[in-house]
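Per TrEMBL, the features are as follows:
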- 17-41: transmembrane segment (TRANSMEM)
- 47-72: transmembrane segment (TRANSMEM)
- 84-104: transmembrane segment (TRANSMEM)
- 116-140: transmembrane segment (TRANSMEM)
- 147-167: transmembrane segment (TRANSMEM)
- 179-199: transmembrane segment (TRANSMEM)
- 211-237: transmembrane segment (TRANSMEM)
- 257-279: transmembrane segment (TRANSMEM)
- 286-307: transmembrane segment (TRANSMEM)
- 313-332: transmembrane segment (TRANSMEM)
Amino acid sequence: MEVGKEAEQNTNTVRKALLIINCIILAIGNCAGPLMMRLYFIHGGKRVWFCSFLETVAWPIILLPIVCAYFNRSRTQPTSQNKLFFMKPYLFLAAAFIGILTGLDDYLYAYGVARLPVSTSSLIIASQLAFTAGFALVLVKQKFTSYSINAVFLLTIGAGVLAMHTSGEHPATESNREYVAGFLMTLAAAALYGFLLPLMELTYKKSKQEISYALVMEIQMVMCFFATGVCTIGMLVNNDFKAIPREAREYALGETNYYVIAICSAIIWQCFFLGAIGVIFCASSLLSGVIMAVLLPVTEILAVIFYHESFHAEKGVALALSLWGFLSYFYGEIKDSKKNIPVLQSEMTSVSDGQQSV
């Protein structure tokens with residue numbers, strides 16, 4: 001009993017540590033990714049498919065931790081049981097399908113960021129939580145409390161408030177029609193990614209093999225590989241590969257900075273995707289969506305500081321509703337966890353008494 005309890009505690013400790021690490025990685029990618037993408041566009045960048053490509057092209061970085069995990073296992077496992085890759089065909093096909101959809105989502109998001117201020121696009125993306133909640137209910141039977149329902153409702157209303165200001169903030173170089181198109185494309189990106197998060201969780205649950213964190217990294221690599229393939233096709237059709245050298249030479253911050261921004265963007269976005277699926281592995285797709293929404297105020301503040309973006313009344317109302325939603329969700333989670341502790345302790349006591357009587 002004690003040995004089993006200790007093993008379970010060790011497993012929970014490792015999972016909590018992984019969750020914290022993935023939350024940090026997700027925070028870096030979620031806050032810095034949109035800022036880097038907007039930096040590319042506001043100084044002369046115009047290639048939407050190229051920006052989409054940068055979101056997943058750094059997938060080879062994942063090979064490094066996979067190889068390190070392989071050599072670490074080599075010390076404790078027989079050579080016959082240790083493999084570099086554990087993914088089976090079913091999981092590979094599922095990851096490939098999600099990767100293709102991710103490539104499409106990358107384009108929708110990059111199109112929106114190209115035409116909207118970071119603060120506006122971030123608030124629209126906050127509506128992703130509502131889509132995540134809805135799809136999580138359908139796909140993985142996510143349980144909801146009054147607090148989580150309230151949070152989803154407030155976040156959805158907060159994003160909707162922005163629609164009242166779509167005509168007053170578009171850049172001078174773009175028409176109102178382009179601004180509205182950017183708004184709708186960003187909303188579509190939020191909806192699609194809101195579907196992809198629960199779909200990823202469903203893939204874990206329906207997998208015919210045990211899901212470890214090493215396998216999660218393999219899934220991430222396959223997803224990003226296929227997403228990059230979709231964006232590469234888009235770049236070829238749009239002649240981006242021919243246009244990039246010329247665009248780099250004409251870039252307002254200089255040719256060297258152009259490529260530095262591209263490389264940094266690719267690395268930062270890889271942090272976002274790895275952190276997102278890591279949180280799903282350690283907790284749930286809904287928590288992954290909530291964390292992305294929780295980071296909204298940080299992205300808002302950074303956009304105002306670095307890009308001097310306006311912060312009109314509608315944004316203030318949307319941000320207030322979003323913060324209210326965040327607080328509602330986490331208050332419900334804390335209250336629920338406190339409620340479950342006495343029940344868990346009672347169950348543990350009953351099990352222990354039963355074993356002693358035997």
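We number each residue from 1, going along the chain as drawn.
Just so it is clear, glycine is given a Cβ too, placed from its N, Cα and C backbone atoms.
Unlike curated entries, TrEMBL annotations are predicted automatically.
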Contact set, same chain, for the transmembrane segment (179-199): CB under 8 Å, 6 or more residues outside the stretch: 98, 101-102, 104-105, 108-109, 111-116, 120-121, 124-132, 134-136, 138-140, 142, 159, 162-163, 166-167, 169-171, 276, 280, 285-286, 288-289
Interface-richest range of 84-104, 116-140, 257-279 toward the transmembrane segment (313-332), CB pairs under 8 Å: 116-140
Most Cβ pairs under 8 Å with the transmembrane segment (84-104), selected from 47-72, 116-140, 211-237, 257-279, 286-307: 211-237
Contact ranking winner - 47-72, 211-237, 257-279, 286-307 against the transmembrane segment (116-140), Cβ under 8 Å: 286-307
Other parts of the chain folded back onto the transmembrane segment (211-237), taken as Cβ under 8 Å at six or more residues beyond its ends: 18, 47, 49-50, 52-53, 55-59, 62-63, 65-66, 69, 85-87, 91-92, 95-96, 98-100, 102-104, 106-107, 200, 203-204, 270, 273-274, 277-278, 281
Surrounding residues of the transmembrane segment (257-279) on its own chain - C-beta under 8 Å, 6+ positions past either end: 18-19, 21-30, 32-33, 36-37, 39-40, 45, 50-51, 54-59, 61-62, 102, 197, 200, 213, 216-217, 219-220, 223-224, 247-248, 251, 287-288, 291-292
